[in-house]
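Features as listed in TrEMBL:
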- 12-34: transmembrane segment (TRANSMEM)
- 76-94: transmembrane segment (TRANSMEM)
- 135-153: transmembrane segment (TRANSMEM)
- 165-185: transmembrane segment (TRANSMEM)
- 197-221: transmembrane segment (TRANSMEM)
- 227-246: transmembrane segment (TRANSMEM)
- 267-284: transmembrane segment (TRANSMEM)
- 296-324: transmembrane segment (TRANSMEM)
Amino acid sequence: MDFSSLLNSFIPSWNSVGLLLGFFSYLGIAGSILPGKLVPGASLADGTRLHYRCNVIGAWMDYVSPTAISDRGCELLSTTFIFSVVATLLLYVAGCKSSDRSSSLKPHITGNIIDDWWFGIQLNPNFMGVDLKFFFVRAGMMGWLLINLSVLAKSFQDANLSHSMILYQLFCVIYIMDYFFYEEYMTSTWDIIAERLGFMLVFGDLVWIPFTFSIQGWWLLNNKVDLTIAAVIANCCVFVIGYVVFRGANKQKHDFKKNPKALIWGRPPNVIGGKLLVSGYWGIARHCNYLGDLLLALSFSLPCGMSSPVPYFYPIYLLILLIWRERRDEARCAEKYKDVWEKYRRAVPWRILPYIY
């Protein structure tokens, strides 16, 4: 493909606009009317709680060609990016005009337009009763799944299905389905309870997650990789260890927040200052869940072999992001908990990787 053709492939078409709006409409309607578990979110500063309808999944692709997404990948990327810019500009304007004083909708305006647009003004803005932050996360994860399935369909169509593609797809579908099965755990994460909804989160959810987390699949469409049995076994071990640590750590944190007396690894939890958990994975590293996430990201790339750095974009990016987020979280907790946080740091000295970092 020459440079001119590449540029033309990014020009949005009415088909890509229709696919994107149809996808959002489907998720919005399905998430509002289909049966699902109603989960209370974390308590906000004013004592109120938002509620989220979780675990609502449907097969919208029954009405669309299986390769529609892979055939229009670049178009959908640019269309979704434009949508993210427009949506966050509308969120900025709506936030500036809001007079609501509740914790979820109270405007936080710094006066710096770029900063307020990037990080957002309101914590949990909604549209027609739909919590937009939760909706965009769900859309991003579902979008990642649909892109992968469309890439898989394309590999079938081109008679190019490889063991590497099967391994990558298997790991991703387990991870994504796990997210939806444990979707209520998302309500206690940093993004939901602390980050305001601005371009950073919207772009991250709608563009970054589905279109960069799927780079390995796109790469495997055009590159053949022969894996040895030893490489497959090693890859599976990385995935299993990452999954156990990631899911185990997040489950312990979520269960502790729901019931501070719940047993962890068969023992009563050890807590500092009444709020900071020092048991289980959280007694090994202060952000042990990040270690699990990084191992999972690495397992998605290993099926691509070592011939190119391109498939490793996701784990490299995630490493940078999580270190940056961990530093921001540490600063926030130090300000919030003060002396208790220092005591916690002494009890759990490692940030992410024990004995290394």
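Backbone N, Cα and C define each Cβ position, glycine as well.
If one looks beyond the transmembrane segment (76-94) by at least 6 residues along the same chain, the residues whose Cβ comes under 8 Å of a Cβ in the stretch are 10-12, 16-17, 19-20, 69, 113, 116-117, 120-122, 125, 132, 197-199, 202-203, 206-207, 210-211. Between the transmembrane segment (135-153) and the transmembrane segment (296-324) there are fewer than 3 Cβ pairs closer than 8 Å, counting only residues 6 or more apart in sequence, so the two stretches are not in contact. Within the chain carrying the transmembrane segment (165-185), a Cβ under 8 angstroms from the stretch's Cβ atoms is held by residues 37, 39, 52, 54-55, 57, 138, 141, 144-145, 148, 152, 155, 213-214, 216-217, 220-221, 227, 232, 235, 239, 243, 247, 250-251, 254, 296, 299-300, 303-304, all 6 or more beyond its ends. Outside the transmembrane segment (227-246), and at least 6 residues removed from its termini, the chain residues within Cβ reach (under 8 Å) are 163-164, 167, 171, 174-175, 178, 281, 288-289, 291-299, 302-303, 305.
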